[in-house]
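Chemist: Starting off with a structure, shown below.
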Amino acid sequence: MLRRSLSRLCAGEEKRVGTRTVLVGHRAVPDTEAYVAQKFCDNRIVSSKYTLWNFLPKNLFEQFRRIANFYFLIIFLVQVIVDTPTSPVTSGLPLFFVITVTAIKQGYEDWLRHRADNEVNKSNVFVVENAKQVRKESEKIKVGDIVEVKADETFPCDLIFLASSSTDGTCYVTTASLDGESNFKTHYAVRDTTVLGTDEAIDTLTATIECEQPQPDLYKSLGPENLLLKGATLKNTKKIYGVAVYTGMETKMALNYQGKSQKRSAVEKSINAFLIVYLCILVGKATVCTTLKYVWQSNPFNDEPWYNEKTKKERETFKVLRMFTDFLSFMVLFNFIIPVSMYVTVEMQKFLGSFFISWDKEMYDEEIQEGALVNTSDLNEELGQVEYVFTDKTGTLTENSMEFIECCIDGHKYKDCLSEVDGFSQTDGPLKYYGKSREELFLRALCLCHTVQIKEADQVDGLVAHPERKCTYISSSPDEIALVKGAEKYGFTFLGLENNFMKIRNQKNETEMYQLLHVLNFDPVRRRMSVIVRTSTGQLLLFCKGADSSIFPRVQQEEIQQTKVHVDRNAMDGYRTLCVAFKELTEKEYDRIDRQLNEAKMALQDREEKMAKVFDDTEADMHLIGATAVEDRLQEQLAETIEALHAAGMKVWVLTGDKMETAKSTCYACRLFQTSTELLELTARTVGDVLNVFLVPRSWTLSQEYGLIIDGCTLSLILNPSQDSGSSNYKSIFLQICLKCTAVLCCRMAPLQKAQIVRMVKNTKGSPITLSIGDGANDVSMILEAHPLGINPCHASVCRDKGKEGRQASRNSDYAVPKFKHLRKLLLAHGHLYYVRIAHLVQYFFYKNLCFILPQFLYQFFCGFSQQPLYDAAYLTMYNICFTSLPILAYSLLEQHISIDTLTSDPQLYMKVSDNAMLQWRPFLYWTFLGAFEGLVFFFGVYFLFQNSSLEDNGKVFGNWTFGTIVFTVLVFTVTLKLALDTRFWTWMNHFVIWGSLAFYVFFSFFWGGVIWPFLKQQRMYFVFAHMLTSVSTWLAIILLIFISLFPEILLIVLKNIKEKNHQPELSTKHTLPCPGNAAVCQRIRGCVSSVQGAGAGLVTFAHPPQITKGSDHGVHSPRKLSGLLRAFFHCWGGGLPLEVEISLKFSPLLLQVVEASTARLC
């Protein structure tokens, strides 16, 4: 039996961490080796929150942690224990409704998580046992099992790669579910087990693996080259064998799963503040009524009238206890002023409202066949409150689709493919290195220094190849593919990797073979990557490519200047630049590097640090060959979107790792910086220089826009100051400068620096709402930093790209949109509307409950503070649940006080609701006074009606339940019609719920009072409603009181409309239309326009080219219809020279948009 050892041992005297020993195939360990059996978890994935057994207690515990639910629970218990004026049902039933609806929602969401878990856990996998394949469910995999995975299957757990169907022991995987990259990555099998490529051979393996305990280091590293992570997918390889080392919740993917923390939005903070005010009002009402009750009862006749004498027990009760009991009774009587149902309505509004973002067809991208995604519905309204936008550049502002533009070799520029046989025109004669010219060496470097793979297939998950090619280039970076294609344009073609040999075809159509010895992979800290290859003649070469800032310090200084000129020029043109270098290695140097790399890879502790040190030592003393320029196209409508965000009052910060010149050029192209913007550049490399730059006094002009540019080096000095005097003040001064700038560009940024910037801004005074936009794994730290913890203000985060790169960012973001342009509608339209809707919902709930309870409070002054209810128990219970809940829910989902087109076209409307404008104390007090006014009208209007309690000719007297029912009827109709007055966007659903709720109230009142209910001890509402409506006085009173209550609101609406009409600004728009340039035709146009009849005054000017009509002004002043004006344009317009049409209208902005849209169609 073949016995191998795959031990991973810690080197040196370093501090050891916990390790685990895995028996491959569960083979017994020989007696000579000490082994302590370890227990590992199974392979079940559990992302759900509840089980069938703990759902009820756990969910109830979580719900009653909310103060409003706990408050109503206490009220309910008081009603059960103490003799209160209302039934426990009046507070118990609404509380039960709220708890039940919330539990159903949370239970459904958890059921979806259970279902998703079962799909993974119950999926079939194949395990090799006794040289045979055994089908098992994924959850039954154990640590040590040898698993077979076939092409296009997902790895069921974290595996050590043992062997594959390819003879060289390689496989290709995509890690879209881990880091968002759908392109291929190469992994290598353990060298000792590469030959075990069959079930029989792999079953003969006896080995142990010593590895570190599970670590959630997914973001820092995807693990060693032979570790296959759960969630990755096998590609372009028939099958592989691997041994399970981490399973279930110990896999790296599971350890990196972060449940969404509960985040409080500005709306929720406002709700809590208003809730405290209404709690004070409630306590105040209960205190006043309790005090006045005992003042009233100080008169013996009032305290104990002849018809209601006290019992002996009541006389002996301690007075303070009686007062406390009465206080609790009043609290119960008035407790409905606290809108407990508001919380469930808000949750339903957020949950259902989030679907409108996902359903938005304008935010659907045909290329990737996906639309917007909502991961956190709790923050919908925060999209309307964003103040700072932090965005990545590459892949977010740009398409991340690279095209090779030009290259520079030894200071000579090569842009287009020339016709010479060798592909280049020699300017200074060829410089020989190892028998090859510099140009050929440069092209060989482009063909060898990369991780590009070739797939012989039509469809791939990677980038699309040239249609004429039968093979496709695939890589984790589009830059690499662009460079390989650039080398191919000049005659050097990469043919692929086979058995660790890289094949290229040179300009003479000869195939060259290079043995690939090591790949020093790219990382964002080094900002470069290298390969070590052996030529067919045995020479050892290291090729390196990377950013100029990481290459220039590692090459001969005399070689830099001639290349740096081209790099700087290309960066100013907006191109992405990379420098290429090489050096020759001796056998002795290579042996040392090989040994150090293997030791670093085998380390259990500080593996990344050791690898980085070896890379740093290896990539030194190189020779610079040249540089490349690659273009990354800007996204469509990028400039328009950023201009709209600026106009909406948002400050946009670009955080990128690119060169300053490249990023600066991109910022000008996308109009982040305007030509009039004064730029402040902070690029000092020493503390003293930075201090001097900061302390230079400057006069900030309000009319001048400022932009700031800073690099990562300077940022490190500012955010991580030294301990010397004055350095601790850098951060505050830097922040003051940033806040005065309309746009900020931070370049040469590391991922953690992006997170530091977001953290710095969101912790400033006022806690502004921040939004982070990124498209890849390197943006996750920035996106996560935009998520506050605890009670900090809430900050939204958006993942820009859900396509090529962005799955990981998408998972960690609150929202995901396909393109940057969709951010405009997401914020300006959806965010604006969500905020307005929920703000109106919150204010309306407090308003309608104040209208509801104020008459109950006033009624106590007329019933001797006896705690007599004004409303029937059924009305108390049904008011918030049935009679008034659906209209406001429909309003909060469908209302569009301004059309979506207007919101997206006029970004300044966004500022009208910024800073939580609709939930400030001023609008809150307006709604409170409105509710108080209407409550007074309800009560005293009916009170004056009952001055003569005989409301019919027959002299029959109406009682207190009729009084309360009339008040309640006026109340229900008034608050519902108030919502109808506020509605600007009517749909069939609004009509249905508003008029349907009123009809349901009438029907319920007839039904409730028309039946003798056997479970009620007292039939006090029997026939009350029907009898009430037989009185003409009651009808007139109800209609009059409703009108009086709504009259102030109606008056405000009328005055507002008159004010807007009188102060309508004169707006103008210009369009250039083709016309024949013929005076006769122009006269026809003028005649047609003049002949249009209608209303509305305006001016239409036709300005012609000077050579046709010099000094002529065809102005028309006449009344006409707007639609007729447009028809005249269509009727008379013809092709020819340009015609400028200027329309100045005293119309609404909406009509102006119609003009713009219609004339644009003419163009």
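Note: Cβ is positioned from N, Cα and C throughout, glycine not excepted.
Straight from TrEMBL, here's the annotation block:
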type     : residues                                                                           : note
ACT_SITE : D392                                                                               : active site, 4-aspartylphosphate intermediate
BINDING  : D392, T394, D775, D779                                                             : Mg(2+) binding site
BINDING  : D392, K393, T394, E480, F522, K545, R576, T656, G657, D658, R748, K754, N778, D779 : ATP binding site
COILED   : 583-610                                                                            : coiled coil
DOMAIN   : 37-91                                                                              : domain 'P-type ATPase N-terminal'
DOMAIN   : 121-253                                                                            : domain 'P-type ATPase A'
DOMAIN   : 811-1058                                                                           : domain 'P-type ATPase C-terminal'
TRANSMEM : 64-82                                                                              : transmembrane segment
TRANSMEM : 273-296                                                                            : transmembrane segment
TRANSMEM : 327-346                                                                            : transmembrane segment
TRANSMEM : 874-894                                                                            : transmembrane segment
TRANSMEM : 924-946                                                                            : transmembrane segment
TRANSMEM : 958-980                                                                            : transmembrane segment
TRANSMEM : 992-1015                                                                           : transmembrane segment
TRANSMEM : 1035-1055                                                                          : transmembrane segment
Chemist: DSSP-wise, what's the residue breakdown of the domain 'P-type ATPase N-terminal' (37-91) into helix, strand and coil?
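Modeler: Helix/strand/coil tally for the domain 'P-type ATPase N-terminal' (37-91): 27 helix, 0 strand, 28 coil.
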Chemist: List, in sequence order, those binding-site residues among F522, G657, R748 whose Cα sits within 10 Å of the Cα of T394 (Mg(2+) binding site).
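Modeler: The binding-site residues close to T394 (Mg(2+) binding site) (Cα within 10 Å), listed in sequence order, are G657.
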Chemist: Any residues 6+ beyond the ends of the transmembrane segment (958-980) with a Cβ under 8 Å from its own?
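Modeler: Distant contacts of the transmembrane segment (958-980): 844, 847-848, 851-852, 855, 859, 868-872, 875, 879, 883-884, 887-888, 891, 934, 938-939, 941-942, 945-946, 949-951, 994, 997-998, 1001, 1005, 1020-1021, 1024-1025, 1027-1028, 1031, 1034, 1037-1038, 1041-1042, 1045-1046, 1049.
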Chemist: Pop the Cα-Cα gap between D392 (active site, 4-aspartylphosphate intermediate) and R576 (ATP binding site) into the table, whole Å please.
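Modeler: If we compare the Cα positions of R576 (ATP binding site) and D392 (active site, 4-aspartylphosphate intermediate), the gap is 15 Å.
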Chemist: Give, as a single whole number between 0 and 100, the mean pLDDT over the domain 'P-type ATPase C-terminal' (811-1058).
Modeler: 88
Chemist: Based on DSSP, tally up the residues of the domain 'P-type ATPase A' (121-253) by helix, strand and coil.
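Modeler: Once the DSSP states are binned, the domain 'P-type ATPase A' (121-253) shows 21 helix, 58 strand, 54 coil.
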Chemist: For G657 (ATP binding site) and the residue listed as 'active site, 4-aspartylphosphate intermediate', determine the Cα separation and express it in whole Å.
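Modeler: Spelling it out, the Cα of G657 (ATP binding site) and the Cα of the residue listed as 'active site, 4-aspartylphosphate intermediate' are 9 Å apart.
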Chemist: At the Cα level, what's the spacing in Å between F522 (ATP binding site) and D392 (active site, 4-aspartylphosphate intermediate), rounded?
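Modeler: With the alpha carbons as reference points, the distance is 19 Å.
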Chemist: The transmembrane segment (64-82) and the transmembrane segment (924-946): do they have three or more Cβ pairs under 8 Å, with pairs 6 or more apart in sequence?
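Modeler: Since fewer than 3 Cβ pairs under 8 Å link them, the transmembrane segment (924-946) and the transmembrane segment (64-82) do not come into contact.
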Chemist: Using a Cβ distance cut-off of under 8 Å, indicate which of 64-82, 273-296, 992-1015, 1035-1055 has the most pairs with the transmembrane segment (874-894).
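Modeler: Result: 992-1015.
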Chemist: Can you grab the distance from R748 (ATP binding site) over to D392 (active site, 4-aspartylphosphate intermediate)? Cα atoms, rounded to a whole Å.
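Modeler: The Cα atom of R748 (ATP binding site) is 12 Å away from the Cα atom of D392 (active site, 4-aspartylphosphate intermediate).
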Chemist: Starting from the Cβ of G657 (ATP binding site), draw a 10 Å sphere and report how many other Cβ atoms land inside it.
Modeler: 21
Chemist: Give me the count of other Cβ atoms within 10 A of the Cβ belonging to T394 (Mg(2+) binding site).
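Modeler: Its Cβ has 24 other Cβ atoms within 10 Å.
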Chemist: For the recorded positions D392, F522, R576, R748, which one has its C-beta crowded by the most other C-beta atoms within 10 angstroms?
Modeler: D392
